[in-house]
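So that you can see what the record holds, here are the features copied from Swiss-Prot:
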SIGNAL    1-29  signal peptide
DISULFID  Cys83-Cys133  disulfide bond
DISULFID  Cys90-Cys136  disulfide bond
CARBOHYD  Asn108  N-linked glycosylation site
CARBOHYD  Asn119  N-linked glycosylation site
CARBOHYD  Asn127  N-linked glycosylation site
CARBOHYD  Asn143  N-linked glycosylation site
Amino acid sequence: MRISKPYLRSTSIQCYLCLLLNSHFLAEAGIHVFIFGCISAGLPKTEANWHDVISDLKRIEDLIKSIHIDATLYTESDAHPNCKVTAMKCFLLELRVISHESRNMDINETVQNLIILANTSLSSKGNVTESGCKECEELEEKNITEFLQSFIHIVQMFINSP
């Protein structure tokens, strides 16, 4: 199964840079540069993850055109900015329905990758309690195309928020 982790792509370059700096600066300052460089290499770059989530959603849109899935999914059409984490969690739960209904390996892999990316991006906001938001089962049921368009809209809310 292919799991892409875009935030790890530049890790090896950063490690080589750290080693190079460490070999030239054996003083205390060089050690600090080395340590901070290695720490920064492992930190996720969450701002890029949301763009990758949108790419995966568009890939799913393209893949479902070739198969017929007659499922309706709980969809948040007009989420309030204060409810975006709750809405995102509902979308992620409903993605599993697409994966199950499609029985398509490409869709399954893309859905799994998307869930990992979104959860990684949500990790800093995942424990936020949002009051006054609808539960997943209270949302309107819509077809897959409308679901994916609404999902993209929610992801864009995360991209545009500070």
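Cβ atoms are placed via backbone N, Cα and C, with glycine included.
Note: the CA-CA distance between Asn108 (N-linked glycosylation site) and Cys83 (disulfide bond) rounds to 27 Å. In the shown protein chains, 25 other C-beta atoms lie within 10 A of the C-beta of Cys90 (disulfide bond). Sequence-distant contacts (6 or more apart, same chain, Cβ under 8 Å) of Cys83 (disulfide bond) comprise Glu76, Glu130, Gly132, Cys133, Lys134. Sequence-distant contacts of Asn143 (N-linked glycosylation site), defined by Cβ-Cβ distance under 8 angstroms and a gap of at least six in the same chain, are Ala71, Thr72, Leu73. Neighbour count (other Cβ atoms within 10 Å of the Cβ, all protein chains): 16 for Asn108 (N-linked glycosylation site). Annotation for the recorded positions Asn119, Cys136: lowest Cβ count within 10 Å of the residue's own Cβ, Asn119.
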